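K.L.:
The structure under discussion is supplied below as structure tokens; questions concerning it will follow.
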Amino acid sequence: MKKTSDYAVAVIGLGSMGFGAAASCINAGLTTYGVDINPQALEKLRQAGAAQADTRIDAFADKLDAVVLLVVNATQVNGILFGEPQVAAKLKPGTVVMVSSTISAQDAKNIEQRLAEHQLVMLDAPVSGGAAKAAAGDMTVMASGSDLAFEKLKPVLDAVAGKVYRIGEEIGLGATVKIIHQLLAGVHIAAGAEAMALAARADIPLDIMYDVVTNAAGNSWMFENRMRHVVDGDYTPKSAVDIFVKDLGLVTDTAKSLHFPLPLASTAFNMFTAASNAGFGKEDDSAVIKIFNGITLPEKKEAP
């Protein structure tokens with residue numbers, strides 16, 4: 001195994017999770033590169049100590065031991081690897097590609113097959129934990145792939161993860177575990193929004209309702225994290241409504257392929273879809289509460 005400073009990794013996709021993962025790689029002493037179309041994110045990563053940050057991987061592709069993809073969906077993963085940027089064709093044979101986007105199991109398998117044509121190794125490795133845990137190097141990784149892929153990515157996994165779950169060798173297992181996790185995450189947000197909407201309708205102050213739930217048995221991590229945004233009237237997106245339209249769509253597609261009923265997930269999917277259709281798709285996912293009529297929600301307090 002190389003010394004950490006000799007190990008080079010590029011993180012593609014410097015959103016809240018990707019930026020945190022890249023910063024954690026820098027903090028762990030890895031030679032870290034960043035790729036994104038956002039110039040502010042690139043400059044911020046340079047300031048954090050990246051070896052280089054650019055809109056394309058061309059200048060440093062041949063230096064890399066690993067690539068981490070933290071983009072929105074399978075379309076973006078395929079476009080980056082095999083589309084116009086042709087990232088896969090520019091990497092050295094044997095480079096390991098960690099695909100951490102939330103995608104279907106079939107998409108993961110298809111991507112792995114195409115990477116193998118370029119003699120590249122894939123780890124199917126979705127992540128969870130949010131921006132704060134990404135920045136702290138404490139994400140949860142649910143991964144499947146070969147022993148070789150895990151071995152090649154050990155410096156990266158050590159840098160970005162608090163927990164790494166090895167689901168098995170078959171590509172697609174990691175993707176499926178993440179999809180099932182997203183079922184719970186989406187249902188928790190939708191249920192939390194419904195409860196807070198009922199409280200608003202009943203003229204219960206939402207800050208009091210929030211305080212009661214977060215100190216009682218009905219609490220969940222998603223309620224505590226997302227319903228705080230409702231109380232604050234701040235729908236600046238940490239994760240957008242449209243992300244859960246996508247993720248719960250993957251949940252329902254997975255269930256359909258298995259002929260398996262998901263009544264709660266289907267309802268949550270419809271709630272997020274309604275919120276997106278009403279114009280809230282780019283807002284924080286807690287904005288799903290805005291589908292309820294006849295209630296008054298807190299407004300964001302402007303800083304003095």
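Backbone N, Cα and C atoms are what each Cβ position is placed from, and that goes for glycine too.
As annotated in Swiss-Prot:
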type	residues	note
BINDING	7-35, Thr102, Lys246	NAD(+) binding site
ACT_SITE	Lys178	active site
K.L.:
For Thr31 (NAD(+) binding site) and Lys178 (active site), determine the Cα separation and express it in whole Å.
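P.N.:
Approximately 28 Å lies between the Cα of Thr31 (NAD(+) binding site) and that of Lys178 (active site).
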K.L.:
Can you count the other CB atoms that lie within 10 A of the CB of Tyr7 (NAD(+) binding site)?
P.N.:
22
K.L.:
For the binding-site residues listed here (Val11, Ala23, Val35), which one has the lowest count of neighbouring CB atoms within 10 Å of its own CB?
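P.N.:
Looking at the binding-site residues Val11, Ala23, Val35, the Cβ with the fewest others within 10 Å is that of Ala23.
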K.L.:
So which of the binding-site residues is most packed in, judged by how many other Cβ atoms lie within 10 Å of its Cβ, out of Asn27, Thr31?
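P.N.:
Output for this query is Thr31.
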K.L.:
Once near-sequence residues are set aside, which residues in the chain of Lys178 (active site), 6 or more away, have Cβ atoms under 8 Å from its Cβ?
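P.N.:
Those within reach of Lys178 (active site), by Cβ under 8 Å and sequence separation of 6 or more, are Thr102, Pro126, Ser128, Met142.
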K.L.:
To see if you understand the setup: which same-chain residues, six or more apart in sequence, place their Cβ under 8 Å from that of Phe19 (NAD(+) binding site)?
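P.N.:
Listed in sequence order: Gly34, Ala41, Lys44, Leu45, Ala131, Ala134, Ala135.
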K.L.:
Under a criterion of Cβ-Cβ distance under 8 Å and sequence separation of at least 6, what residues of the same chain contact Gly15 (NAD(+) binding site)?
P.N.:
Ala41, Leu70
K.L.:
What does DSSP assign Val11 (NAD(+) binding site), in three states?
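P.N.:
Reduced to three states, the DSSP call for Val11 (NAD(+) binding site) is strand.
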K.L.:
Which secondary structure state does DSSP assign to Phe19 (NAD(+) binding site), in the simple three-class scheme?
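P.N.:
Looking at the DSSP assignment, Phe19 (NAD(+) binding site) belongs to a helix.
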